Amino acid sequence: MTDGDYDYLIKLLALGDSGVGKTTFLYRYTDNKFNPKFITTVGIDFREKRVVYNAQGPNGSSGKAFKVHLQLWDTAGQERFRSLTTAFFRDAMGFLLMFDLTSQQSFLNVRNWMSQLQANAYCENPDIVLIGNKADLPDQREVNERQARELADKYGIPYFETSAATGQNVEKAVETLLDLIMKRMEQCVEKTQIPDTVNGGNSGNLDGEKPPEKKCIC
């Protein structure tokens, strides 16, 4: 795809404590590489990737294929950058909420991140995927899968255990979030309201019509 040659611009925000592996996770997703030497993110950064999303048609049949430009925002986890991070919440369509499977404290802090997210996101119930990263370090694990799944079930969101080092479930987690977003947009189109930051390319909503400009009712 050339610049501007896409149907949708979707912004995703990676959230979580400093050191949980947000930067390496996003780098694995966009470049399919692992770099353990990334330094701590200062403020906010982003990576980009073009993908094709195949919408589901009636009765589970294949629908139209949409070209999607993903912007994946990488946020600093330190407290001193929290006000800067929350300023980006309202522009994001979906959230990758991450913790470190080798850090119980990063898991406990998921609740704090959820509170901030719910208070600052574009709607009360945004699309979120919970991610337990560093699944490649089982000997150092401090958070068991049952704990994490119970928390995800409490919030009604999908949960994945991932590894930026091996690539385990990295694509699957992002693809699941994108699918949630696109399905929400389809529902919002039916109400003639979608977030005005979404459409960035040549076509309009999921039916190829001109997109409305209001934010989605969630």
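For all residues, glycine too, the Cβ spot is worked out from N, Cα and C.
Of the listed segments 38-46, 65-73, 173-181, Swiss-Prot assigns motif 'Effector region' to 38-46.
When the alpha carbons of Ser163 (GTP binding site) and Cys123 (disulfide bond) are compared, the span between them is 30 angstrom. Asp74 (GTP binding site) carries a strand DSSP state (E or B). If you take the Cα of Lys134 (GTP binding site) and the Cα of Cys188 (disulfide bond), they are about 35 angstrom apart, rounded to a whole number.
Gly19 (GTP binding site): 16 other CB atoms within 10 A of its CB, across all protein chains. For the disulfide-bonded residues Cys123, Cys188, counting C-beta atoms within 10 A of each C-beta gives the highest total at Cys188.
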